[in-house]
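Contents: one structure, followed by commentary.
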Amino acid sequence: MRVSFTKMHGLGNDFVVLDAREASLPDMTGAMARALADRRTGIGCDQVIVLEPSESADFRMRIFNSDGSEVGACGNASRAVAILHGEAARVETAGGAIAVEPRDGCAAVDMGLPRFGWEAIPLAYAMDTGAMPVGWGELENPMAVNVGNPHVVFFVEDANAVDLAALGSGIENDPLFPERINVNVASLAGPDHLALRVWERGAGLTRACGTGACATAVAAIRKRLVTSPVTISLPGGDLVIEWDGGGSGDGAGPIRMTGPASEAFRGSFEWDDFA
Ligand SMILES: N[C@@H](CCC[C@H](N)C(=O)O)C(=O)O
């Protein structure tokens, strides 16, 4: 069976998008996603995205990391899919419903409410997710936020000076995180401006992570380092995150992310070559 795909990216975080909303496809498996994401095969990406019909929203977006794990949220892919869809839509994801709206090469996404409880991250045992008494090498006392997927955020003097390639995998796979974790390292770059690098669960270092930007902005607002809106500068470019932290810092509303995404090329492949 020959299957068409669209290669897209958001700030250099790249996706193979398969559209099964009208013509159905065989079910995507972790092994198939891993094969499609493998850059040695000539396609390759950080995440494989499958669009399917939904009973509760305009369509459903399934997200597979390059290691084949299926996960709940992907901020950059949400903007890419908004641009591919071409109009405002409600999208069902495993991490909850989101609302996407394309705007001239950019897209705005309502990512839903952040969660801060240790069970919601999830962590293996109870602790204050606003000041976690744990550390790995030079990285200590992170905050944890679930924005449809789990994140820890470390605030450091200089995010670019941290050897995230060496530390990322150990933190991602630490038993403290029963579903593994996305690892964010951020530093203050100016008033309401943060620099961010991300080690993604199931994908490693990427040029940008939209949910990482959301989690980091929310953590920084909770910590009263910045106020909304916050510009997050990633290696691949900038995102703007808005969130009303409310008086308690526990959040009065959904996270809104705005930033660019674009189509790179279209192609097709033989399903059985990757299955
Ligand atoms: N690149 C994404 C996040 C993809 C999923 C993440 N690696 C996870 O395992 O939760 C983004 O832009 O948010």
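Backbone N, Cα and C define each Cβ position, glycine as well.
Just one of Asn13, Asn160 is listed by TrEMBL for the same substrate site as Gln47, Asn65, Gly75, Asn76, Asn149, Asn182, Glu200, Arg201, Gly210, Thr211, and that one is Asn13. Other residues of the same chain near the substrate site, with their Cβ within 8 Å of the Cβ centroid of Asn13, Gln47, Asn65, Gly75, Asn76, Asn149, Asn182, Glu200, Arg201, Gly210, Thr211, are Asp46, Ile63, Val71, Ala73, Cys74, Ala77, Val198, Ala203, Thr206, Cys209, Gly212. In the structure shown, across all protein chains, Cys209 is the one of the active-site residues Cys74, Cys209 with the greatest number of other Cβ atoms within 10 Å. According to its DSSP assignment, Cys209 (active site, proton acceptor) is coil. Following the DSSP three-state reduction, the secondary structure of Asn76 (substrate binding site) is helix. For the binding-site residues listed here (Asn13, Asn65, Asn76), the lowest count of other CB atoms within 10 A around the CB belongs to Asn65.
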